[in-house]
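Beneath this line is the structure, given in structure tokens, with notes to follow.
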Amino acid sequence: MPKGSDIFLQNVSKVVVFIILAFALYLFFTGHGSPGGGFIAGLMSAGALLLLALAYDIETVRKVLPVDFKLVTASGLLIALLTGAGALFFGKPFLKHAFGHFELPLLGETELHTALIFDLGVYLAVVGVTMTILLTIGEDR
Amino acid sequence: MSLLHLLTLSPFVLAAALPLLGKAAPRLHKGWFAAVLSAVLFAALLGYSADIRAGSPIIESFAWIPSLGISFTVYLDGLSLLFALLITGMGALVALYSVAYMNSSEESLNRFYVLLLIFMGAMLGLVLSDNLLTLYGFWELTSIASFLLIGYNHRNQRSRYGALKSLLITMTGGLGLLSGFILLYVMSGTYRIRELFEAGAPLISHPLFLPAMILILLGAFTKSAQYPFHIWLPDAMEAPTPVSAYLHSATMVKAGLYLVARLTPVFAGAPEWFWIVSLGGLVTLLYGSLGAVKQTDLKGILAYSTISQLGLMMSLLGIASLAGIFDGEERLLYAAAGTAALFHLLNHAAFKGTLFMAAGIVDHETGTRDIRKLGGLARIMPLTFTVSLFGALSMAGLPPFGGFISKEMFLESMIETMHAGVFRLQTWAVLFPVIAWIASVFTFVYSALFVVRTFFGPLKEELRSRNIHEAPPLMTIPPLLLSALALALGLFPGLAAYSLIRPAAEAMMPIIPASGERLPAELKLWHGFTPALWMTVGIVAAGSVLTLTARRWVKGYDLLPRGLSINRFYDASLRFFERITVRVTSLYMNGSSRSYVKYILGFMLLVLGFILFRSTDVTFQVRAYAVIRPYEWMILLGLAAAALAVPFAKSRTVAIILTGTIGYLMTLMFVFLRAPDLALTQMVVESISVTLFLLCFYHLPKLRTERRAVRFRLPNFLVSVAVGALMTLIALAVLDTNPFDPVSDYYVRESYESAGGKNIVNVILVDFRGFDTMLEIMVLGVASLGIYNMIKLRRKATDVGSRHVEHEGEEARKEASVLREAQYGYDGPVEDLDASKPGAGLPGDDQADSLPDLDGSSPAEHSDRREQPEEDQGPADSRAKGGERDA
């Protein structure tokens with residue numbers, strides 16, 4: 001990827017990246033009730049990181065977020081798998097979800113759902129996969 | 001989930017956690033975890049033995065895929081318990097032994113124990129499954145674990161060869177097994193073993209009975225290394241010795257015996273079953289014992305001996321099946337063969353485990369396993385000598401060891417068979433004791449050679465310089481315990497007979513306890529002067545003579561024609577199949593992605609077009625279509641214009657942006673159609689994929705440099721037009737065609753009620769179809785790893801090569817050719833492949849470029865080269881050109 005030199009893009013993306021990430025977070029949590037979910041939130045987060053990579057370069061992304069995205073994928077898959085396996089210990093079939101309404105401080109009555117944990121797995125897997133592919137191809141010369 | 005389920009699955013859990021545990025306790029050898037778990041499992045299983053002995057098996061069921069009727073049912077009866085104790089007991093000893101034996105690097109130790117634990121879990125699952133399909137799943141998992149463990153030293157070409165061979169042969173059998181199970185299901189309508197037993201007699205007359213039997217026996221014979229499928233076992237000896245002791249003598253190879261014993265109630269009584277099992281076993285017994293005598297590698301002797309002993313047990317199981325057609329006294333007489341087989345199973349584990357571990361100790365201390373280089377170790381390693389002697393005496397079938405008792409019972413059963421008088425045994429039955437006797441003589445000979453050549457005679461010159469001493473205590477304790485067991489089983493056979501062997505034999509032949517009888521379980525060292533005893537005297541006499549004169553007559557083996565060996569046949573057929581598949585594949589895999597797209601679209605056209613025009617449900621109701629509003633017209637025009645412009649774009653960037661335009665216009669369309677989820681997804685996917693395309697094409701040369709006159713190709717044109725037309729028709733028909741009740745109503749109704757979500761799309765993704773989603777993200781993960789491997793690791797082979805060069809400078813050329821062979825399996829077909837694929841054999845080009853360099857240059861240059869991989873730009877350039885030729 002060419003060395004980023006567009007000062008406008010760089011300055012704008014400094015702010016925009018966080019807006020996108022925040023929106024992605026919103027999409028992730030709201031997913032069960034309105035449009036959104038782990039998949040789209042994951043893609044959007046990857047999009048934010050991609051914007052960073054385009055505005056600066058891949059080294060910057062690596063410096064800002066020094067994680068191995070292959071491990072992110074792996075942990076996402078593991079979370080999804082374990083959420084599914086969790087049901088087995090309650091004598092339910094694999095991937096049977098449970099939910100309930102709880103009174104939480106600040107948030108009031110909130111629905112908590114094991115599907116959200118599964119969705120977190122999806123989220124991480126999508127971020128990991130997208131970033132692994134992009135960074136691998138992008139760094140290849 | 002019951003306790004028994006958790007016990008069965010615990011090795012898998014430990015396997016997953018092992019790398020983390022290793023980090024938590026870095027000083028502790030990982031073998032300890034495996035050893036402790038196996039010991040705990042052994043103790044837990046032993047706790048069940050009182051119930052089993054009282055004749056009440058334990059059954060715990062757990063619905064796994066309820067919709068397909070597949071449940072994970074664990075069933076613990078005498079037979080399963082015997083095997084499960086064998087698996088966990090041997091597992092504990094082998095893991096203990098390996099703590100001292102295995103001293104590789106951190107990472108490869110992780111790999112070793114993870115695989116060992118996976119194997120242990122799979123093997124436990126195999127013997128405890130009551131469902132044929134879960135049994136099959138675990139069966140294949142043991143093959144895979146064995147494959148990976150044989151190939152543990154994967155830099156060694158022989159390891160890889162042995163691993164592949166074992167996998168190909170056992171997997172072929174495994175597929176046969178699966179087909180056999182399915183045929184059994186077709187006949188009986190159940191996958192549950194217990195229900196199969198009840199199906200009973202009507203099965204025998206079913207036309208599919210024989211095919212099912214043969215297919216299942218194919219599985220059992222390949223797994224248990226029966227002639228002529230035994231060829232993988234000697235090559236499997238490339239595995240580390242603990243693996244050989246555990247998988248390839250004590251447990252995995254006995255899975256075939258387990259299966260035969262387990263299914264005896266289904267098949268016993270059929271003459272084919274008797275003949276195939278007993279004769280196959282006898283041939284293997286003879287072949288293995290004859291083959292063992294000429295081996296010069298200690299582990300080679302043990303491998304052939306294992307083949308031979310497996311044959312012995314198999315033949316006994318065959319004879320035990322005669323119990324199914326007799327009753328009263330005679331039934332018990334033939335059932336005794338089953339008791340003998342199961343008792344020998346225990347003895348074999350004891351003495352063969354001892355001998356493998358002893359061979360490992362000798363290898364570990366002297367650095368060689370070649371009996372031509374060994375000798376005189378009795379004085380230096382008295383402990384190893386003693387355990388080997390015990391093991392060998394038990395193997396040769398001499399008193400007062402357990403092997404003697406089971407060998408006597410074996411000979412008696414063979415004599416007994418002559419009197420059976422069924423299945424045309426009158427003519428041929430005399431062969432049974434004769435083969436048994438000859439094979440036993442040779443068993444004696446190789447047992448004697450094992451001890452004599454290793455421990456007696458003068459110490460060889462090469463070994464004198466080495467400071468040879470007894471192995472560390474941790475390595476000697478397991479074989480010591482096993483050899484003590486071999487002795488104890490001879491002196492006090494009652495220890496195992498009543499608690500383990502009889503319940504196991506009765507589980508194998510449930511008809512006996514069902515008719516109120518009990519199998520006699522008195523195993524005695526002294527039988528009186530029976531014919532079997534006289535045969536043993538003969539064996540010792542003939543065996544001693546042959547052992548003393550061995551050096552003279554062993555040369556005779558060289559006179560046998562080598563070209564006819566089964567190994568040759570295996571190699572040749574492998575090469576043949578590779579050549580054929582390459583030829584077939586290169587018929588359509590021509591390296592041009594345009595052709596591939598054509599195939600895919602062509603099939604789509606055929607299938608969808610056929611359905612569309614044949615099905616009567618498809619109707620086109622023009623009235624049902626919504627009115628297209630003006631702004632929708634505008635988007636449509638934009639879409640069409642962008643699509644038409646793509647082929648005429650002068651540069652790649654423009655083409656990509658035009659495709660992006662189509663995507664964004666689609667997003668807009670989704671917004672108008674009030675599909676926010678789709679719009680969001682489409683937008684983000686479009687943004688990311690456009691960037692990805694730009695990244696990919698950044699490396700490709702400019703479009704106009706490769707612009708040639710584009711010829712008009714009619715097939716391409718027809719396919720593209722037809723696909724467009726078909727998709728339009730489908731889109732138009734979809735509105736009005738509902739051959740099935742739509743599922744959407746169900747989701748609308750249930751998504752809030754039973755899944756607690758208002759966003760149906762997401763509820764479907766994570767809940768209703770959560771399993772799909774999980775597999776999808778798994779596919780995504782695998783795809784990303786594939787891309788990563790393809791791009792980041794593609795020059796790794798050169799690294800491996802140069803490392804070899806550093807070690808063995810003068811052998812560089814040889815290593816490189818081995819390397820090349822390793823890369824492709826065989827060099828012949830690959831050349832064909834390269835020639836047929838102008839652009840696609842890219843990694844191959846890479847290889848071909850770097851290897852000849854590597855041959856000629858000095859090691860120093862290579863180490864430089866490895867540190868600066870950026871230097872060799874060559875392959876990457878040629879890759880780009882290759883892509884250009886395609887495009």
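Glycine residues also receive a Cβ, built from the backbone N, Cα and C atoms like all the rest.
Note that TrEMBL annotation is computational and uncurated.
Per TrEMBL, transmembrane segment is recorded for B:31-50 (among others). Same-chain residues lying 6+ beyond the ends of the transmembrane segment (B:31-50) with a Cβ under 8 Å from its Cβ atoms: 3, 7, 10-11, 14, 18, 21, 58, 76, 81, 84-85, 88-89, 91-92, 95-96, 98-99, 102, 113, 116-117, 120, 124, 499-500.
Residues or ranges marked as domain 'NADH-Ubiquinone oxidoreductase (complex I) chain 5 N-terminal' by TrEMBL: B:65-113.
Summarising the annotation, TrEMBL assigns transmembrane segment to B:81-100 (among others).
The transmembrane segment annotation in TrEMBL covers B:166-187 (among others). Residues 132-133, 135-136, 139-140, 143-144, 146-147, 150, 196, 199, 203, 206, 208-209, 211-216, 218-223, 229, 231-233, 235-236, 259, 266, 574 of the same chain sit 6 or more residues outside the transmembrane segment (B:166-187) yet have a Cβ under 8 Å from a Cβ within it.
Residues of the same chain lying 6 or more positions beyond the ends of the transmembrane segment (B:199-222) and with a Cβ under 8 Å from any Cβ of it are 139, 169-170, 172-174, 176-181, 183-184, 186-188, 190, 229, 255-257, 259-260, 263, 266-267, 269-270, 272-273, 276-277, 280. Per TrEMBL, transmembrane segment is recorded for B:199-222 (among others).
If one looks beyond the transmembrane segment (B:273-290) by at least 6 residues along the same chain, the residues whose Cβ comes under 8 Å of a Cβ in the stretch are 213-214, 217, 221, 225-227, 230, 260, 267, 304-319, 321-322, 417, 423, 431-432, 435-436, 438-440, 442-443, 446. Under the heading transmembrane segment, TrEMBL lists B:273-290 (among others).
The transmembrane segment annotation in TrEMBL covers B:302-326 (among others).
Beyond the transmembrane segment (B:332-362), the same-chain residues lying 6 or more positions past its ends with a Cβ under 8 Å from any Cβ of the stretch are 79, 82, 86, 90, 93-94, 97, 101, 241-242, 244-245, 249-250, 254, 257, 261, 264, 298-299, 302, 305-306, 309, 312-313, 316-317, 319-320, 322-323, 326, 369, 374, 377, 381, 384, 387-388, 390-392, 394-395, 401-403, 405-407, 409-410, 412-413, 416, 420, 450, 454, 471, 475-476, 478-479, 482-483, 485-486, 489, 493, 496-497, 500-502, 504-505, 508-509, 512, 517, 519-521, 523. Residues annotated as transmembrane segment in TrEMBL: B:332-362 (among others).
Here TrEMBL flags B:383-405 (among others) as transmembrane segment. Beyond its flanks by at least six residues, the transmembrane segment (B:383-405) meets 305, 309, 343-344, 346-348, 350-352, 354-355, 357-358, 361-362, 377, 440, 443-444, 447-448, 450-451, 454-455, 470-471, 476, 479-480, 482-491, 493, 523-525, 536, 539-540, 543 of its own chain at Cβ-Cβ distances under 8 Å.
Sequence-remote contacts of a segment are chain residues at least 6 beyond its ends whose Cβ falls under 8 Å from one of its Cβ atoms, and for the transmembrane segment (B:425-456) they are 278, 282-283, 285-286, 288-290, 292-293, 295, 298, 301-302, 304-305, 308, 311-312, 315, 355, 362, 371-372, 374-378, 381, 385, 388-389, 392-393, 395-397, 407, 410-411, 414-415, 417-419, 535-536, 538-540, 542-544, 546-547, 550. Sequence annotations record features per position, and here TrEMBL assigns transmembrane segment to B:425-456 (among others).
The transmembrane segment annotation in TrEMBL covers B:477-501 (among others).
Sequence annotations record features per position, and here TrEMBL assigns transmembrane segment to B:532-550 (among others). Same-chain residues lying 6 or more positions outside the transmembrane segment (B:532-550) and placing a CB less than 8 Å from one of its CB atoms are 293, 396-398, 404, 407-409, 411-412, 415, 433, 437, 440-442, 444-445, 448-449, 452.
The transmembrane segment annotation in TrEMBL covers B:712-735 (among others).
Mean pLDDT for the domain 'MrpA C-terminal/MbhE' (B:713-799) in the predicted structure: 80. Feature annotation from TrEMBL assigns domain 'MrpA C-terminal/MbhE' to B:713-799.
Among the features that TrEMBL reports, region 'Disordered' is placed at B:827-887.
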- Per DSSP, how many helix, strand and coil residues does the domain 'MrpA C-terminal/MbhE' (B:713-799) have? 67 helix, 0 strand, 20 coil
